[in-house]
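Participant: Have a look at the structure that comes next, please.
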Amino acid sequence: MVQQLFQSEVFTIMFVIGLYLACIKLYRTVRFALFHPVLLTIIILIVLLMSFGVPYQTFREGSRMIHFMLGPSVVALGYILYQQVGHLKGNVISIMVAITVGAMVGIASIVGIGHLLGVKQTLIASLAPKSVTTPIAMELAGNNGGVPGLTAVIVVCAGILGSIIGPPIMKLMGIKSPVAKGLAMGASSHGIGTAAAIQMGAIEGALSGLAIGIMGLITSLLLPLFARWFG
């Protein structure tokens, strides 16, 4: 019975959206980091699917529209960016430098630490694109000898962790610039971080969305250069 329900796209979409909205309300009420709506929604879904014996493939088929909307949702961030285009004019060079350095450090740290610890090349290739939005990260991992499925999990974990600890770390460091906050969230925590950045303010959300796109482009160019280290 339950498995048949999750085969329905209408039921699955309504259930997932309803569960996510409920988790958002709970998070805003308790303000406990481990109750992050994305994390809590994932945990509840896993428990429910396993409890009722619903195969992941069945859930995936029923949630195809949600998977499809992942790409357009990233593109839609361009509208927020358009509204804040004035903040870009005087920060183009600093934005490009910051994201480029961030991408290089992110990839190099994974590759370097991985080699020092003797991590398998496949795992390094799966971890390297962790700071890029899921569709791009999975493609990059697959093209460089990684496991796309594992990369997807790592990307989500990185996004959740960044959205939880990012704001308090920036507050602790005295970072007040909305441009800096937005770039930091988008470059390190992609879509999930951008959702948190939008809650900070319109400028933060716009710059975070911009960082997602530029981070994806720069990482796509840099990762093949680093691939020789683990290829």
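Backbone N, Cα and C atoms are what each Cβ position is placed from, and that goes for glycine too.
Note that the coordinates shown come from a computational prediction; the quantities given were computed from them, not determined experimentally.
Feature list, courtesy of TrEMBL:
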{"type": "TRANSMEM", "residues": "6-27", "note": "transmembrane segment"}
{"type": "TRANSMEM", "residues": "34-53", "note": "transmembrane segment"}
{"type": "TRANSMEM", "residues": "65-82", "note": "transmembrane segment"}
{"type": "TRANSMEM", "residues": "94-117", "note": "transmembrane segment"}
{"type": "TRANSMEM", "residues": "150-170", "note": "transmembrane segment"}
{"type": "TRANSMEM", "residues": "209-230", "note": "transmembrane segment"}
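Map these features onto the structure and tell me what's around them.
Facilitator: Sequence-distant neighbours of the transmembrane segment (65-82) (same chain, 6+ residues past either end, Cβ-Cβ under 8 Å): 9, 12-13, 16, 88, 133-135, 191, 194, 198, 202, 205-210, 212-213.
Proximity of distant same-chain residues to the transmembrane segment (94-117), defined by a Cβ-Cβ separation under 8 Å and at least 6 residues beyond the stretch ends, is recorded for 88, 123-124, 127-131, 179, 183, 187-188, 207, 210-211, 214-215, 218-219, 222-223, 226, 229-230.
Remote same-chain partners of the transmembrane segment (150-170), defined as residues 6 or more beyond its termini with a Cβ less than 8 Å from a stretch Cβ, comprise 33, 36, 38-39, 42, 123, 126-127, 129-134, 137-138, 140-141, 180-181, 184-185, 188-193, 195-196, 200.
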Participant: Is the transmembrane segment (209-230) close to the transmembrane segment (34-53), in the sense of at least 3 CB pairs under 8 angstroms with a sequence gap of 6 or more?
Facilitator: no
